[in-house]
Amino acid sequence: MKELQTVLKNHFAIEFADKNLLETAFTHTSYANEHRLLKISHNERLEFLGDAVLQLLISEYLYKKYPKKPEGDLSKLRAMIVREESLAGFARDCQFDQFIKLGKGEEKSGGRNRDTILGDAFEAFLGALLLDKDVAKVKEFIYQVMIPKVEAGEFEMITDYKTHLQELLQVNGDVAIRYQVISETGPAHDKVFDVEVLVEGKSIGQGQGRSKKLAEQEAAKNAVEKGLDSCI
């Protein structure tokens, strides 16, 4: 953890008073499970807390930044900023991927590169920072790490493919659009979902993701990229 502390101090002017709290933020459940006798804490509770403060601060930022955007647009933009892939990217930017404690099996299976694990660790770090410092320090960190990319327009370019597909298909009237899970693979804490999108019972696209919502977006994207002619 000393290397992590150095990174935090040199790049973000952050020094944790409670080093155990910082270590917990970077401890995956797989590591804690492999060391049960030591009663090591994992980062899921901190992730819960970090998710809440992240949602609050990003919501506040978007509310003030875009006074004319309707609630629906703000919600979509926030969802893109705090989604799994985005948070994993921020974690990599901060070099957090190097410091996550994983179980041997998780490490061997490529867990250090998984967006779910990286995104969760990023949120857990925010939760730990909130407890060790205060919400102002979390806000300072978010504005240093995340907001520059938001203001650069990186997340405006991401398309909500489910909404886009619905708009394309319903231009001439309502049609029945349904998403269904084809398969689920992987351990309970890191599942991969395969989803297909159906229009009037006909499969028009398939997608894969670490959550059902992400898989649905990928399926909708697949359908949009095929073109409407193949959808109806």
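Placed from the backbone N, Cα and C atoms, the Cβ positions cover glycine too.
These figures come from a predicted structure and were not determined experimentally.
The active site annotation in Swiss-Prot covers ASP51, GLU123 and is backed by sequence analysis. Residues annotated as Mg(2+) binding site in Swiss-Prot: GLU47, ASP120, GLU123. Among the features that Swiss-Prot reports, domain 'RNase III' is placed at 5-134. Annotation source Swiss-Prot lists domain 'DRBM' at 160-229.
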> Inside 8 A of the center formed by the CB atoms of GLU47, ASP120, GLU123, which other residues of the chain have their CB, for the recorded Mg(2+) site?
Replying inline: ASN43, GLU44, LEU46, PHE48, GLY50, ASP51, LEU87, GLY119, ALA121, PHE122, ALA124, GLY127
> Taking the Cβ of GLU123 (active site) as centre, how many other Cβ atoms lie within 10 Å?
Replying inline: 26
> If you count Cβ atoms within 10 Å of the Cβ of ASP120 (Mg(2+) binding site), leaving out that atom itself, what do you get?
Replying inline: 28
> What does DSSP say about GLU47 (Mg(2+) binding site): helix, strand or coil?
Replying inline: helix
>> Could you tell me the mean pLDDT the prediction assigns to the domain 'DRBM' (160-229)?
In response: 87
